[in-house]
Every structure is written in structure tokens, then in C-alpha cells.
């Protein structure tokens with residue numbers, strides 16, 4: 001095909017895509033970052049948060065709040081909704097309120113949390129702290145200085161606070177929950193949000209009592225509640241008549257199976273719409289929802305593999321090689337033998353077989369492999385290890401990992417299972 005024919009084909013493709021019926025009116029409405037004007041089935045939590053924060057409008061310091069519930073139960077969106085409303089109403093009463101939102105999955109050290117708070121005020125103060133390099137005490141001193149420049153209320157929202165505490169300890173929480181004793185003008189309140197209630201076990205009792213002055217629990221949504229949420233968002237997200245009748249109930253039912261996760265429900269609806277749009281379909285159907293479910297699961301599995309520790313990646317690659325050699329199901333001993341050779345090849349200290357057995361269990365729990373214990377009669381019990389993800393997909397993810405790349409050209413000799 002010459003260049004002119006390529007151009008004609010591409011022209012035709014663009015024309016066809018332009019003529020296709022538009023599916024989305026505003027796709028952003030289905031994203032996690034969107035804060036809607038109303039939050040169905042969270043009015044009780046909204047009211048509780050408002051009651052705790054209303055002292056701000058009277059010029060009094062509100063309590064610190066600990067918010068918890070599973071993923072996708074509306075914690076973050078509800079806290080953002082209430083604090084944004086508080087900020088808006090405070091302007092009417094001429095009360096300065098600053099709300100600083102920090103995602104602790106990204107900002108996960110004591111230093112960086114403090115630096116982010118200081119830098120929030122940089123346009124006002126002209127003071128900016130680099131993300132590394134200063135003594136932490138100096139950053140904390142700057143934080144007190146910038147916050148206390150005038151009378152104001154500062155609400156610090158620490159989302160995924162458990163990630164911060166598990167990685168860096170609770171020192172930053174100790175500082176922030178006691179900062180009011182060191183301020184003359186400003187008043188600070190902390191809202192901690194967590195998916196993991198057990199993380200409180202990691203906290204010093206003094207920090208826990210300060211942070212948990214008030215607690216707000218978010219229970220999972222049921223399928224009917226998820227349906228209401230999706231119906232509300234769909235009205236803004238899609239053009240009229242593009243959703244088949246069964247699409248929203250199916251998205252709600254699939255997400256309800258996973259502890260009532262509204263994020264999962266919104267992702268399913270958005271991805272189903274994207275697939276329908278790419279196919280040039282005039283409607284989003286249940287078939288598109290099932291395709292969306294498959295795509296989301298694949299994407300999640302890729303992310304899980306990508307974030308595995310190096311030893312687990314080498315172990316997984318040993319299982320891939322056995323699979324490509326036709327040697328699955330394999331037992332732990334077979335896998336360990338290949339794993340040891342791979343470690344030798346990249347000069348990595350191998351773990352013990354007992355530890356590798358633990359890592360096999362972890363890969364099994366993550367759903368990447370299946371490690372079923374089977375009885376061999378008088379020979380005892382053994383694990384039969386199989387892949388749940390294709391070798392091709394695993395290779396595709398691992399090829400971007402520089403520490404694993406030297407192994408990707410290796411294969412096994414059929415009989416001896418030796419590396420070649």
C-alpha cells in the first residue's frame with residue numbers, strides 16, 4: 001500500500017469515527033477525582049462531619065477526625081465535599097479557612113508531608129521548601145511560621161494515612177495533632193482517612209487519642225445504593241438513551257460483590273462506555289460491561305506484577321520458564337531449582353526454599369498463580385503450581401524492569417531444565 005492509499009484509509013477512519021454516535025457528554029463525572037453536588041447514601045456521614053467542623057464558623061478549634069471504611073465507600077469524596085462547603089460558607093462569615101489535602105500514598109514521609117503543607121502557602125508567604133535536603137526540624141519550624149502568619153483555620157486532610165504510618169511511623173501525626181499548643185494566631189485540625197482500621201495498632205497511644213477525638217465510619221454500599229450512585233452520575237456523563245437498561249444494574253452488582261466498591265462501579269461504567277465508543281457502537285450494552293470487567297482485572301494484575309519485590313519477580317519468571325517448557329504443573333522443588341539458577345545468573349542472593357514456599361503462597365493469594373496442595377498418597381502432600389496469567393502477559397510486564405531484563409532471553413533445555 002502506497003502513502004496515498006494510507007492517507008485515504010486514515011481519512012476514512014477519522015470520518016467514520018466522527019460520524020459515530022457520541023457516547024459521553026462528560027466522562028470526567030465518572031472519575032474518582034470528581035466531587036458531585038450530591039452524595040447519595042452518605043447524608044449521615046456528611047451531617048456528622050459538618051457537626052464536628054461547625055465550630056470553625058464560631059471561631060473555635062474543631063476536633064481532629066479519624067475517618068475509616070473500605071476502598072470505594074465514599075470517604076475521600078465526602079470529606080472533600082464537606083470541607084469545600086465549609087470553606088465556601090466561611091467566606092460568607094469572613095473567617096479564613098485553608099483546606100490542605102495530601103495523598104499519603106504519594107507523599108509518604110514525615111519530611112514531605114511537612115514540606116507540602118509549607119509549600120501550600122508559598123504564593124502568600126514567598127517561602128518554599130525543597131522536597132529533600134533540609135533538616136526535618138527546620139521544615140517544621142517553617143511550617144509553624146507560615147501557618148501562624150495570621151489568624152486562620154487550617155484543616156489538614158491526610159488521605160491513606162495508614163500508608164504514611166506504615167512507611168514512616170507516626171512522628172508527623174504526633175507533631176500535627178499537638179501543633180496548636182505552639183501557635184499564637186492560627187488553629188489546626190487534622191482529618192485522617194484510612195482503608196485499614198488495623199493501622200491504629202501502629203500508633204503511639206498518645207497520637208491515637210489525639211487523632212481519634214472523633215471517628216466517622218463509612219460502611220460498604222449495597223447493590224441498590226451503587227445503582228443510585230451510578231444513575232446520578234450517568235445522567236451527567238452520558239448522552240440520553242445510550243445506556244442499555246441492564247448496564248447500570250450489572251455494574252452495581254459486580255461492584256457489590258467486591259465489598260460495595262463505588263470506585264469499581266464507576267470504573268466499570270466508564271470503561272464500558274470507552275469500549276463501546278471505540279467499537280463505534282451506538283449504545284453501551286451488558287457485553288461492553290463484561291469486556292470492561294476483563295480489561296480492569298487485566299490492568300490490575302499488570303499493576304500487581306509490576307510492583308512485586310525483585311525476589312518475587314525472579315520466582316515468577318522461574319514459573320514462566322517452566323510453563324514455556326511444558327513443565328507445569330510443577331512442585332515447589334522444581335520451581336526452586338530454576339529460581340536458584342536465575343539468581344546465580346543475575347548475581348542475586350537466593351532465598352531459602354522455605355522462604356520461597358512463603359512467596360509462592362503470596363503469589364497464590366494475589367491470584368497470579370494457583371498453588372493447590374494435592375495428596376500423593378504415601379508420598380505425602382505437595383503443591384501443584386500453575387500460572388493464572390499467560391506467560392506472554394507476564395513477560396510483557398517484566399520487560400520494563402531493568403533488574404529482570406537480563407533473564408528475558410533465557411529459556412530452559414527441555415529435558416534437563418537447565419538454563420540456555
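Note that the numbers count up from 1, one per residue, in the order the chain is shown.
Even glycines carry a Cβ here, placed using N, Cα and C.
According to Swiss-Prot, the feature ATP binding site maps to 73, 74, 75, 76, 77, 221, 233.
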### Query
Going along the chain, which residues six or more apart from residue 233 (ATP binding site) have their CB under 8 A from its CB?
29, 30, 36, 266, 269
#### Entry: residue 74 (ATP binding site) in three-state DSSP notation
coil
### Query
Around residue 73 (ATP binding site), how many other C-beta atoms are within 10 angstroms of its C-beta?
25
### Task
Could you tell me which of these binding-site residues, 75, 77, 221, has the fewest other Cβ atoms within 10 Å of its Cβ?
77
### Query
Under a criterion of Cβ-Cβ distance under 8 Å and sequence separation of at least 6, what residues of the same chain contact residue 76 (ATP binding site)?
32, 159, 193
### Message
Over all pairs within 73, 74, 75, 76, 77, 221, 233, the annotated ATP binders, what is the largest Cα to Cα distance, rounded to whole Å?
### Response
17
